[in-house]
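Annotated features in TrEMBL:
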- 7-40: domain 'Putative zinc-finger' (DOMAIN)
- 73-99: transmembrane segment (TRANSMEM)
- 105-124: transmembrane segment (TRANSMEM)
- 136-153: transmembrane segment (TRANSMEM)
- 168-186: transmembrane segment (TRANSMEM)
- 198-216: transmembrane segment (TRANSMEM)
- 228-250: transmembrane segment (TRANSMEM)
Amino acid sequence: MGNKIDCAVVRDLLPSYVERLTSEETNRVIEEHFADCEECTSERDTMMKTIHDTIAITKKNEKVVNYLKKAKILYVLKGIALSVGVIAILVSFIVDVAVNRHLTWSLIVDASIAYVYACGLPLVISKKNKIMKMTAAASILLLPLLCVIEYVANENYISQPIYWVREYALTIGVLWIAIVWANILITRFTKVNVWTSIGIFLLFVAVGSAVTNAIANQATLKEIYTVGYEWIDTAAYLLCAAVFLFLGYVKSRKE
């Protein structure tokens, strides 16, 4: 091929040139022609812009299609999950009434299902702070769930009612809710890594476990440690906490 080529030839070669299908020698000759021909250069730029715009639109359309596919899958999964919950509630109602002639254990089952779905709802509908919203729902609805369990047990299975929610469960529930929230807030506002977060949580658990056993056994912390084996649990929690805190320290040093 000579050093000079006609504009018509360059325009015929432009599609192949833009798509990088021409040889290096052909590219060299065409580019030399571009240096002297503004009209062909303008046509090349227009063609390249058109191709780039087409590629951008194609990629955007692919993203939209992928998003719609994912949204459709999530919609189906949500429908299945909701259907399973509704069916479980209806089946438990029917079986309970058929066997016992009135609602007994099914109230506990249905309240538990409702509790799980209510706690999971923020994960589905919220876009921000999902964990905090889920924990808030779990914290608020825990006491009503315990009250339902107490009511069903006292009305149907215990000859002499035991009001354990007021005596034990309320205090223990508040304690563990406080532990969970303390760990979440510390992790959120101090920006510690996951290993350190687990270590801090285990420190809280060591205290929470001892206090829980003291409340449940109506004993003091001193009695729990001197009479029982709570010291073994506490030692295990503290050892695990030390390991995770060390891993968190190593991780933070590397970062």
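Our numbering is plain: 1 for the first residue shown, then up by one each step along the chain.
Each Cβ is built from the backbone N, Cα and C atoms, and glycine gets one as well.
Most Cβ pairs under 8 A with the transmembrane segment (228-250) among the ranges 73-99, 105-124, 136-153, 168-186, 198-216 are made by 198-216. Each residue in the domain 'Putative zinc-finger' (7-40) gets a DSSP state, and the totals come to 28 helix, 0 strand, 6 coil. For the domain 'Putative zinc-finger' (7-40), the model gives a mean pLDDT of 81. Count of Cβ pairs under 8 Å against the transmembrane segment (105-124): among 73-99, 136-153, 168-186, 198-216, the largest is for 136-153.
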